[in-house]
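Novice: Take this structure, written in structure tokens, and hold onto it; I'll ask about it next.
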């Protein structure tokens, strides 16, 4: 099957720092034949020189990333690989400082996630601590609407004793309890014991863990359910913009993922908040010209008369007859995860929704609600603290597109960030639209 016939899945790899995400992805790409021996040899030589033998596969990812960053193409420069059943795009190779921020903007576009946890003594516990990213990433994945998760229990070669079934079971139990509390269907989640370093259970079944009878990592990827394109295609068009390139001979090329609706060559589109628009001249995906783009497609497209200065990351493209909503203010159900003291009216976190990030002030805290039942506990509370859920009204300080969650899920959920941390997560229940004049280029 060619990549056209295979269903396409966007994958995000999450988990605590140093739990082996990059090494696992590197080894996976290598085992599936998406990295040639020559590249690997070169990387190994370089790694040896710098005494980084053990980071062989992680290095590979960084190298691939640098290569791509040097040659900017229209395509969303992501890592791609195929399994027998699917054509995958990894939409964020983790590891950088901005990963949570990227995860918030990227996760809204992921169809599934691989959560990597380390089984090495002390490392799993660090990831699950109050400051741990394992907890934070699982929580964000849930908010961002990712229901399909594969858990890779990594570094099984480093347990005490190595390949310990007891340690594996302990980790699975802890994670199941935590994830169940967040509403994940834990019985549908595969927990695959792997070693990113030795390659155990990535493609080949591990001889070191005969006690494990479940799928390998690649089998677990193939067991994922395909995304429902039909459901999203029926909605009006929404394409959050990730980047805007100037390509010689083509012109301005916004790049993004079609979240809802269908984009065809010849369509008129408008970008909000700026309100500029024009006719779609061409659409490209994975370096190939296409006539129409469906939900889930990562595309670059050229619009007549729209210049690079008119639009930016965070803008959203739609059809002029049903343009994306620019919010004057919006109401949301929020859940507070972290704050050093308390949150009151006037607090201004940065709201990350789809690819946008805009500082927004809390102008009213309407109700405190029970996070489990949604019942109102208190009207007009004076402050909120971690663990509270509430109905809150925000006013964005700059124009921003945000939609009701019920109407456009991918554009109706957000994370609140402050001081480099995720303060809370939320879903939009109502939007008071701002007036924006639409200027279509002839």
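Backbone N, Cα and C atoms are what each Cβ position is placed from, and that goes for glycine too.
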Novice: What range among 80-83, 84-87, 88-91, 92-95 does Swiss-Prot describe as region 'G3'?
Specialist: 92-95
Novice: Scan 15-22, 23-30 against Swiss-Prot and say which stretch is down as region 'G1'.
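Specialist: The listed stretch tagged region 'G1' in Swiss-Prot is 15-22.
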Novice: Between residue 22 (Mg(2+) binding site) and residue 15 (GTP binding site), how many Å separate their Cα atoms?
Specialist: 10
Novice: Any idea what DSSP makes of residue 21 (GTP binding site), helix, strand or coil?
Specialist: helix
Novice: Counting each residue once, how many in the region 'G4' (154-157) are helix, strand and coil under DSSP?
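Specialist: DSSP classes over the region 'G4' (154-157) add up to 2 helix, 1 strand, 1 coil.
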Novice: Tell me which residues of the chain lie with their Cβ under 8 angstroms from that of residue 18 (GTP binding site), as long as they are six or more apart in sequence?
Specialist: 118, 123
